[in-house]
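Visitor: Pasting a structure here, questions to come.
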Ligand SMILES: Cc1cn([C@H]2C[C@H](O)[C@@H](COP(=O)(O)OP(=O)(O)OP(=O)(O)O)O2)c(=O)[nH]c1=O
């Protein structure tokens, strides 16, 4: 159980999935949002990007954090063949992304940054996800029905595609969905400043 007696928790995210997952921890929080630039240095190691972007999202709020506030920011990327798949630009881009994931194994990394005036902690969690082979009609059906344009790698594991395509996952389902709640819990449980 988490008791943040001295703090007010803020989720700095527009993602409805992160909101739902943090609620699942049974802790009260408010939401604050801002548009942040999600670019990263092109030479950066792909496994560092999610952590870097979660810190960058936190930086946008640093000036406004009050003494009793604890802020959570996060970022999720899909990595396939050492390439980052971000959010798809359009239907063709989404089709290309899912087709490249079909029949293979990729990784999902979610970085989280927890920030208060006295301390900042950044962590990331990596999960391996294997997809069965999907045919073109299945990929098109998913994109047309679920419109996954707000999702890294053009898919949501919590949606139809997760039911039919994912045949193996090594790591936390919730990390793939957008928030490693077990890591958030560990940090908040002991948050003392
Ligand atoms: C791989 C995968 C991603 N996603 C989502 C999680 C994230 O919301 C989104 C990746 O985009 P992000 O840039 O991580 O987050 P966001 O822009 O949605 O929200 P924020 O305001 O916090 O920056 O993709 C799923 O919902 N299911 C999945 O299986």
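Backbone N, Cα and C define each Cβ position, glycine as well.
Small disclaimer: the values here were computed from a predicted structure and weren't measured.
Pulled from TrEMBL, these are the listed features:
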- 75: active site, proton acceptor (ACT_SITE)
- 17: site 'Important for substrate specificity' (SITE)
- 76: site 'Important for substrate specificity' (SITE)
- 158: site 'Important for substrate specificity' (SITE)
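Relative to the rest of the structure, where do these features sit?
Guide: Counting only same-chain residues at least 6 apart in sequence, those with a Cβ under 8 Å from the Cβ of residue 75 (active site, proton acceptor) are 38, 49, 50, 51, 53, 54, 57, 110, 111.
Under a cutoff of 8 A between CB atoms, and with a sequence separation of 6+ in the same chain, the neighbours of residue 17 (site 'Important for substrate specificity') are 156, 158, 177, 178, 179.
When Cβ atoms from all protein chains are considered, those within 10 Å of residue 76 (site 'Important for substrate specificity') total 28, not counting its own.
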Visitor: Counting every protein chain present, what is the number of Cβ atoms, excluding its own, within 10 Å of the Cβ of residue 158 (site 'Important for substrate specificity')?
Guide: 17
